[in-house]
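What TrEMBL says about this protein:
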TRANSMEM  13-36  transmembrane segment
DOMAIN    17-118  domain 'TMEM205-like'
TRANSMEM  56-75  transmembrane segment
TRANSMEM  87-107  transmembrane segment
TRANSMEM  157-178  transmembrane segment
Amino acid sequence: MPTDGEPTVTVKLLQLLLLSTYWGMQIWVTFISSFVMDNHLNRHTFGFIQSRLVPFYLHLGSACAFFNLTIYAVYHPSDMLDDREAFQIFIFFVSVTVAAVNAQWFGQMTSEIMADMHLIEQACGLGQDIGLSSNREAYAKLCETDVKYRHLSSRLWLYRLLSSLCNLCCIGCNFYSLCYMAENLGTL
C-alpha cells in the first residue's frame, strides 16, 4: 500500500499531532508530574496514581509511535528512500519497538511489584510519608529484616531503571523525529 504521491494536509497534520502528543506526554510524565507528585503526595498515593497513569501513558505512546511509523512508511516506499529517510524509518521503528517492550513488560512488572511492596509496607505502618526520599531509615530497615521486601525492592529498582532507559530512548527518538520534521518544513 505504499504511495509515491505527496501526503495530504490531513495526513501531515495527523503525523504532527501524533508526534507532538507523544512528545508532550513524555515531557509531562517524565519531567514534570513525577516531581510535583513526589513533593505533595504520600508514597502509596503516588504509587497508586503511577500504577494507573503510567500503563495508559506507555500504551498510548506505543500507539502514537506505531501510527507515526505507519504513516511515514506509507508515504516513503522502501525502493525510493534516501539515507536520511531510511534513518528516519529506523528511528520510528526503534521508538515503536522500545515503547512496546516498555508498555508490555517493564511498565507492567513495575506496577505489579510496587503493589506487592505497598502491601508489605502497609502491614509495617509505612507508606504515608510525603515524598519518596523521606523516612529512608524505616525502608532500609524493612529491606534488612524482610527478605521478600528486599527481593521486591531490588527487582523494582531494576525494572524502573529499564523502563526509564526505554523512556529516554523514546524521548531521544521523538526529539530526532521532531528535528527531522522541522528541517523539512517549507515554511512556518
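Yeah, the Cβs are placed from backbone N, Cα and C, and that goes for glycine too.
Heads up, TrEMBL stuff is auto-annotated, nobody curated it.
Segment contact holds for the transmembrane segment (13-36) and the transmembrane segment (157-178), given three or more CB pairs below 8 angstroms at sequence separation of 6 or more. If you look at the transmembrane segment (157-178), the same-chain residues 6 or more away from its ends with a CB under 8 A from one of its CBs are 19-20, 22-23, 26-27, 30, 61, 65, 68, 88, 91-92, 94-95, 98-99, 101-102, 106-107, 109-110, 113. Helix, strand and coil content of the domain 'TMEM205-like' (17-118), in residues and according to DSSP, is 95 helix, 1 strand, 6 coil.
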